[in-house]
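K.L.:
Below are the structure tokens for one structure; questions will follow.
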């Protein structure tokens, strides 16, 4: 009797070992980079940590496949290296010879990725499930794009500036037209004087019409 | 203060500058533009670093300063804008003014689009994190958008989220509303400075011209403290004397000086026409020319320090990628090694790599390690919009306090461009005013607003999906060869038609000193010859290059490499038109005047009567 049980156990564990191997189609490889993430505060990877890992994975499976009571024993781990990387497969709690397919395991892990990461104080990059793409966090979508706010502020200021300039120049013109009837004569003289001084080449001064060129009539 | 009566046009006093500083700052602002920041450092780096300064300074002395002095002098003497000046000197050369005015208008249109892009980036710099730092995720949240992933987040932000660029120039796409908004705001900024001509420009430039220097200094101090800055500077300034043997270097130096000083636009003539006539234009020209070159050199220092920093960052990232790849592989292969992660670092990476290579070379092949060479990263510089919107934005992500640096940088670029825009538009406004084409009932503010509105409407083509391709066309064909030709005819007209002796007398009257032998030699022979050689060489080089352009096509097989396409026939025709139309006005106007002269001559021959004499019939 004992022999039989022992044999079955060995067979079972042998079976489990066979199914869990590198590049298994039912499992995933995990890579941890504890030192990279935590530096001096890195904890050592030992059996207890592995136990925690299997427990969190069982938790993730329970969350995803509601109703099924996954246990630590359902998470089979193998091919552990010093890198801290290993492969795991998940067996069904109802029937240990049955493996949970990859899609379900992947979905479960993605769902509870955050919880798994925080159990180990790691991130998506340092606790790597090879071939499981991390669910990229939703980038924060602002209700109003901030650039429109900046645009509104700047354009408001510019628009106000334009209106002020136009209004001020209109007001200045009005003041000038009110002043003008009085200053007109002085302006004329001043301007003609100024003109003859400044425009040496282009113009010949104001042509005085009272002394016209009558040569064409006197040449005869 | 200025008393400009728009109601009494014939006897009105010309507006003038408040003081000399205003005038000098405006000319400097017009000359110093975006090219000083994003074209000169690139040329310096491409053409052998410090060695490029030699052809550059020679071109400045032999070509830039003489032309600059000449433009300032004739504007000041004749007190008219470009059209009026050339009409006064010789009615046959009136076409020069028309050509200048057209080029100024066309350049002003596309230049403001660049300002619109700068505004867009400026508005987006007020976010944390900066929007060009991360790739956006796709709808499933499983991965980043593939176009972004294949190129980079900064490229994606520029080509997709800013330009929304189409794969080629025939596909016009639609008007991108956000670019239209930015373009409208850019024109509003221009209008607010330009609204009363030089009265308002003179006030605006105090801020827009001095601020860039402040920002450049801040960047200089910051950039020199960044890691990798010295690599960038060493790379920039290490002279490679061999490049001087390449004639293209000399050609590029000459064209760079010419375009950098904003000659032949008519803007400088317009600005100096508002000066009092008794003003020393020789010192003005020397100041403006030297400040412009100094700014170019001064700007290239922080730019290259920052590029060195960026190259350093890229190099480190590359190294780290390789370290991770080797680490993972070594430890996977040899579980017997009692090492964990972090034992392979950037320092002992090479030893581990050699070990791995010795034990299992085929595995190393499969690793697909990238060669990380700092030099390749340093060489990845760019010029133009690529430098500002791709390279620099990538660098700024890694600097602490990125938002501040981004905001400062884009304000600086905006100020640089705005002061150049004022010059462009003044080169359009002053001739129109001098030709009395403005209806007397229209106040100046409305007229300047109308100019801005018309330019805005036409430049909406640059807000299309294919807008960037059109802008490149305008930049290459309008803003280049026509200017060289105009400048050549300008100097020939002044020296040989107006008369160099008369010109010397004018300058002596204005500044009190007769121009010395340097000016005489350059005006009479050296500059015209140099301009002729440069123009011909430029045309030859352009003709040799087949008319192709590089496009951004996500569906291209080798994306993210640019797909180089030839211009379709109708686009080539438009390119030709853009180059030809400004230039053609020179002979056209001469022909028109000549025809008028002939008509008059024939009329006088027919109408010979004993009572007529030439005095009263001399119309011409």
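Backbone N, Cα and C define each Cβ position, glycine as well.
All annotation found in TrEMBL is predicted automatically rather than curated by experts.
The shown structure was predicted, so the numbers you read here are calculated from the model rather than taken from an experiment.
Residues annotated as transmembrane segment in TrEMBL: B:21-40, B:52-74, B:95-123, B:177-198, B:205-229, B:249-274, B:286-307, B:404-425, B:446-471, B:477-500, B:521-541, B:567-595. Look at TrEMBL and you will find B:29, B:31, B:32, B:36, B:260, B:292, B:416, B:420 tagged as Na(+) binding site.
Quick one: how deep are these features, and who are their neighbours?
P.N.:
Around the Cβ of residue B:420 (Na(+) binding site), the same chain contributes B:29, B:30, B:32, B:33, B:34, B:111, B:262, each under 8 angstroms and 6 or more positions distant in sequence.
Non-local neighbours of the transmembrane segment (B:205-229) in the same chain are 22, 25-26, 28-29, 32, 193, 295, 298-299, 301-302, 305-306, 308-313, 399, 405, 408-409, 411-412, 415-416, 418-419, 422; each lies 6+ residues outside the stretch with a CB under 8 Å from one of its CB atoms.
Outside the transmembrane segment (B:249-274), and at least 6 residues removed from its termini, the chain residues within Cβ reach (under 8 Å) are 14-17, 23, 26-27, 30-31, 33, 35-36, 39-40, 43, 47-48, 52, 55-56, 58-60, 63-64, 67-68, 71-76, 78-83, 85, 97, 100-101, 103-104, 107, 198, 243, 281, 284, 288-289, 292-293, 296, 420, 423-424, 426-427, 429-431, 479-480, 483-484, 486-487, 490, 530, 534, 537-538, 541.
Residues 59, 62-63, 65-67, 70, 247-248, 251, 254-255, 258, 480-481, 484-485, 487-488, 491-492, 494-495, 500, 503, 515 of the same chain lie 6+ residues outside the transmembrane segment (B:521-541) yet bring a C-beta within less than 8 angstroms of a C-beta in it.
Listed by sequence, the residues of this chain that lie at least six past the ends of the transmembrane segment (B:567-595) yet keep a Cβ under 8 A from its Cβ atoms are 91-96, 98-99, 102-103, 106, 169-170, 473-474, 476-478, 481-482, 485-486, 489, 547-549.
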K.L.:
In the same chain, which residue numbers or ranges, 6 or more beyond the ends of the transmembrane segment (B:446-471), come under 8 angstroms Cβ to Cβ?
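P.N.:
For the transmembrane segment (B:446-471), the far contacts come to 105, 108-110, 112-114, 116, 163-166, 168-176, 179-180, 183-184, 187, 190-191, 194-197, 385, 425, 428-429, 432, 438, 549, 551.
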K.L.:
May I ask whether the transmembrane segment (B:52-74) has at least three C-beta pairs under 8 Å with the transmembrane segment (B:286-307), counting pairs 6 or more apart in sequence?
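P.N.:
Per Cβ check, the transmembrane segment (B:286-307) touches the transmembrane segment (B:52-74).
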K.L.:
Are there residues at least 6 beyond the ends of the transmembrane segment (B:177-198) whose Cβ is under 8 Å from a Cβ of it, and what are they?
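P.N.:
Residues 15, 17, 26, 112-113, 115-117, 119-120, 123, 162-163, 204-205, 208, 271, 274, 414, 418, 421-422, 425-426, 429-430, 433, 444-445, 448-449, 452-453, 455-456, 459-460, 462-463, 467.
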K.L.:
Which residues of the chain, 6 or more past the ends of the transmembrane segment (B:21-40), have a CB below 8 A from one of its CBs?
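P.N.:
Here the qualifying positions are 72, 114, 198, 201-202, 205-206, 208-210, 212, 256, 259-262, 267-268, 271-272, 274-275, 284, 287-289, 291-292, 295-297, 299-300, 303, 383-385, 387-388, 412-413, 416-417, 419-420, 422-423.
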K.L.:
If the Na(+) site is taken as the center of the Cβ atoms of B:29, B:31, B:32, B:36, B:260, B:292, B:416, B:420, which further residues of that chain fall within 8 Å of it by their Cβ?
P.N.:
B:28, B:30, B:33, B:35, B:262, B:295, B:419
K.L.:
List every residue in the same chain as residue B:36 (Na(+) binding site), at least 6 positions away in sequence, whose Cβ is under 8 Å from its Cβ.
P.N.:
B:260, B:292, B:295, B:296, B:299, B:416
K.L.:
Sequence gap of 6 or more, C-beta under 8 Å: which same-chain residues meet both conditions with respect to residue B:31 (Na(+) binding site)?
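P.N.:
Residues satisfying the criterion: B:260, B:261, B:262, B:288, B:289, B:291, B:292.
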K.L.:
Around the Cβ of residue B:260 (Na(+) binding site), how many other Cβ atoms lie within 10 Å? Please give the count over every shown protein chain.
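P.N.:
Residue B:260 (Na(+) binding site): 24 neighbouring Cβ atoms within 10 Å.
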K.L.:
Going along the chain, which residues at least six beyond the ends of the transmembrane segment (B:404-425) come within the CB cut-off of under 8 Å?
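P.N.:
Non-local partners: 26, 29-30, 32-34, 36-37, 104-105, 107-108, 111-112, 114-115, 118-119, 121-122, 125-126, 130, 189-190, 193-194, 201, 204-205, 207-209, 211-212, 215-216, 218-219, 222, 262, 265, 267-268, 270-271, 388, 392-393, 396, 448, 451-452.
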K.L.:
Across all chains shown, how many C-beta atoms besides its own are within 10 angstroms of the C-beta of residue B:292 (Na(+) binding site)?
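P.N.:
Here the count is 25.
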